[in-house]
């Protein structure tokens, strides 16, 4: 290893450590890492902060503003009303419909949306225990369902990361957003099937008493009173943004700024104020995404990524099945994300290595990039951080009860994701 490789790796380790132990606020460690790249001479200022002018980052940052606007409409209120009506009916059919409704709701806000899963978990925590529909049978499947849009129209974040890691690796072939959405749909269907099968395995007990502030959280998520024409224009802006991003291969550069133009329209109409505009466009997840691009570039430029990729390719041999390569890296990425709590950081460690390994084996790396990026948000089998911890705590589950649902769910999702990626993006 050269001194450049050692320095780049050390900066990566520092960044991950700061993220893992919450030493700095979320989004700040990659900024520090970018500065360290400049100080150590590994990158120039434009190289270290290249992520902030990355087309995909600009597109996603703008789309975050559009999402903030659409969440103020009555669409989310309708999801909540449907949930409560189904719980009151009870029974297996209502359970199945509940999972589907939550997954459809996730289509509006995107998988892994913090506000959405807090809303759903808070709603469940306020529902009284009944034998017809035990809330302990709802907390896990509905909580994890918030991570799986059944209609994958809102995959901009994942898609942007896939595009950026492939570009960083020097692979410039465009990725179809429609095909990428199909990969996500296949995984969502696999999750839905498991949730329906697992109903009888879920425990039946009263969950924790409703949180004192649960109702307050729900009230905060109610639609903001808005003139009907503004609400219609907001929904149209959301649809136009999604369609524009899905036609990125046809529209070219224009597609990257369509969400930004939609966001500006919402600002003009005062659907969002400038404070909301700023806070969403420069949200911590955007700072994280932009910052780690510079770190990934530095690792690639030092030769470290290619070296590790070639070493793994040599260890696997030329006769290894491409699907096994994808599954291996998806498992590594998701496990690292689970134990470190850093989804984006884990993706930017393993995605470049997976791409380099595929290229060394003479394989098209698109499938590996797609699966590895999405897998960064598909752990959840340990109640360590964020949503899994909330689900276990609010659901009053014992660890064996938690694992009975989450471990099979994890493996099913990773395998479905890997197979779908390999089929839709032939290697």
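Glycine is no exception: its Cβ is also placed from the backbone N, Cα and C atoms.
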Request  = State the residue range annotated as transmembrane segment by TrEMBL; the candidates are 142-162, 205-225, 226-246.
outcome  = 142-162
Feature transmembrane segment in TrEMBL, mapped to one of the ranges 121-139, 254-272 = 254-272
Key: Where TrEMBL places transmembrane segment among the ranges 101-120, 281-300   = 281-300
Key: Range from 7-28, 48-70, 254-272, 281-300 with the greatest count of C-beta pairs under 8 A to the transmembrane segment (345-362)   = 281-300
Query = Can you tell me the mean pLDDT for the domain 'Citrate transporter-like' (18-372)?
reply = 81
Request  = Run the contact check on the transmembrane segment (405-425) against the transmembrane segment (182-202): 3 or more C-beta pairs under 8 Å, excluding pairs closer than 6 in sequence.
outcome  = yes
